[in-house]
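Peer 1: For reference, the structure I am asking about is given below.
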2 protein chains.
Amino acid sequence: MTTKTYAHESAGSIMATHFLAVPEHYSVKDAIQFLKQHEINGENKYYLYVTDPQNVLKGLLPIRNLVSASDEQTVSDVMQSKVVSVNVNMDREAVAKLMQQHDFISIPVVDDQGVLVGIIDADDVYDVVEEEATEDFHKMAPVGLLKTSLKDATVGLLFRKRVGWLLVLVFMNIFSGAGIAYFEETIEAVVALVFFLPLLIDSGGNAGSQSATLMVRALATGDVKLRDWTRFLGKEVAVASLMGLAMGLAVATIGIFRAGPEVAVVVALTMVVVVLVGSVIGMSLPFALSRLRLDPATASAPLITSIADIAGVLIYFSIATWYLGSVGMM
Amino acid sequence: MTTKTYAHESAGSIMATHFLAVPEHYSVKDAIQFLKQHEINGENKYYLYVTDPQNVLKGLLPIRNLVSASDEQTVSDVMQSKVVSVNVNMDREAVAKLMQQHDFISIPVVDDQGVLVGIIDADDVYDVVEEEATEDFHKMAPVGLLKTSLKDATVGLLFRKRVGWLLVLVFMNIFSGAGIAYFEETIEAVVALVFFLPLLIDSGGNAGSQSATLMVRALATGDVKLRDWTRFLGKEVAVASLMGLAMGLAVATIGIFRAGPEVAVVVALTMVVVVLVGSVIGMSLPFALSRLRLDPATASAPLITSIADIAGVLIYFSIATWYLGSVGMM
């Protein structure tokens, strides 16, 4: 019916262009006759669409209504005249959300003049919901948009899509390296501090990537809105404080045996702070990205880890320098 | 129609129990009369179901077929007798996959005797596809199964669901700490090695979590099967080698300025190896979990990071001890 091409990920790009349309003035008998004469191939077997002479969408006629109607009634008597339709340029994800909300099995697609140009069916929504989730998984990997199945992706394509983010993260790590270099004297005085470095910076990153992943998904499904940020901040601080205390206690036990009570105090204190800081960063970044009209899914675990690393290094060695200095260990 | 309760995440737990069923011997006229007398509320407006006196499912009758049929035909003449149905105990995710594959807008649910007990509709599939993706996101966070919206989750619930994995990761980090302690002399000889520790262990973890996330999603959508492991292993080695080389070059440039050419060589060599090892672990773990009948999504970024940390520490300081010893720096 049309050979026009529509924007990537628009309603037009996924709609089917085969459907049966009848005029309002048709009698129910005419409509049934029309239906008998036209086989509907595959899709759109459940509705007739009602249009005016300019093909503008006027109503929706469930075939079920034809069965219940009497022959003398007209199409306009039995059609639903309040029809939810979508514009051909609407984003396919928004279309899927709308159909999910209304539990629709199909939705008509119209152009800017209201002309019926196609139909989107349930099976298109299945695909969109799945593909959009896959896109978010890939963003959180983080890899670039593959636009092909993983099975078909070549070595060259995978390299190009993956190396970019990894190099960004390498350059972010220059800052944690610089942080460590700044505290070289502290490390030389108490080398045992290094034993706990991966544990502490990882824990901040892990707590942060938990928060980020929960938020990214909740924002994507609409469970959480942008305006909810302050409410979640309070909850996050409470949860993270509890987690930090539990993890701090756990790590203090290890610390005493491996490096003595002074280092154990430093490690436990650091744990509470890095878990709190990591969680708040992880929880806030998806909101911030969303506010900047960027995709919240950009807040991947590796990105959060790298940010938490920088914060973790500074927090750990600052606390160590202060506390170990005050107890006379350096 | 039934007040029986079905297992969590079974077909029975999501099906609707309102549907219209007619016997095979009905004439088309009878069926139309029956349809006119029974309003179908909300769902299942597109099919009549055909059952025998024991309520065993015999066929599916699209309402559209009733319109096209002549009054003298019987229901058994115009029904589809090959009906795809699902058992009431089938996993809801498998039901959703089946409906996606066949582009069904609804599917009948039967018990072990073939008795029609309910219907699953497109809107149930929308919800299942979305909820299953959310579950995978949460597993990869990693957090325990929330079973509630993030909005409604209390501080206590979030703490319990999140702290478990974080403590597991803390105890895994004992091994990387022990690895570092083992190389204490190397670190004391060349403290500058510590500057690059977070960068190197993170890079292994980042490359690994990319691979793991891609695999977890591809296994979940069915894009990749268990038997594809060896084929992906070869591809992964090729991609990871290229990434390791690019990142090794990048980090060598930083290394020369910050710590001299000898340390730069160690850091660059380590980068190539950790990216390769991290990627292969990240790519293989979801397959291994799947083979052990565990959920591949358990291979979260933080878990991969912790495993890659242990490997990274050992690789880094082994290379450093060997190379810096051979050039007489320690």
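Positions of Cβ are set from backbone N, Cα and C atoms, glycine also.
Relevant sequence annotations retrieved from TrEMBL are reproduced here:
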- B:15-78: domain 'CBS' (DOMAIN)
- B:79-135: domain 'CBS' (DOMAIN)
- B:163-183: transmembrane segment (TRANSMEM)
- B:189-216: transmembrane segment (TRANSMEM)
- B:237-257: transmembrane segment (TRANSMEM)
- B:263-289: transmembrane segment (TRANSMEM)
- B:301-324: transmembrane segment (TRANSMEM)
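So where do these features actually land, and what's packed around them?
Peer 2: Look at the domain 'CBS' (B:15-78): DSSP puts its residues at 20 helix, 17 strand, 27 coil.
Look at the domain 'CBS' (B:79-135): DSSP puts its residues at 25 helix, 16 strand, 16 coil.
If you look at the transmembrane segment (B:163-183), the same-chain residues 6 or more away from its ends with a CB under 8 A from one of its CBs are 142-144, 201, 300, 302-303, 306-307, 309-310, 312-314, 317, 320-321.
Same-chain residues lying 6 or more positions outside the transmembrane segment (B:189-216) and placing a CB less than 8 Å from one of its CB atoms are 136, 140, 176, 224, 232, 236, 240, 243-244, 247, 251, 255, 258-260, 263, 266-267, 270-271, 274-275, 277-283, 285-287, 296-297, 299-301, 304-309, 311-313, 316-317, 320, 324, 329-330.
Residues 196, 199-200, 203, 207, 211, 263-265, 267-269, 271-276, 278-280 of the same chain lie 6+ residues outside the transmembrane segment (B:237-257) yet bring a C-beta within less than 8 angstroms of a C-beta in it.
Tertiary neighbourhood of the transmembrane segment (B:301-324): same-chain residues 140, 142, 165, 169, 172-173, 175-176, 179-180, 182-183, 186-187, 189-190, 193, 196-197, 200-202, 204-206, 208-209, 212-213, 262-263, 265-266, 269-270, 273-274, 277-278, 281-282, 285, 330, selected by CB-CB distance under 8 Å and a gap of 6+ residues from either end.
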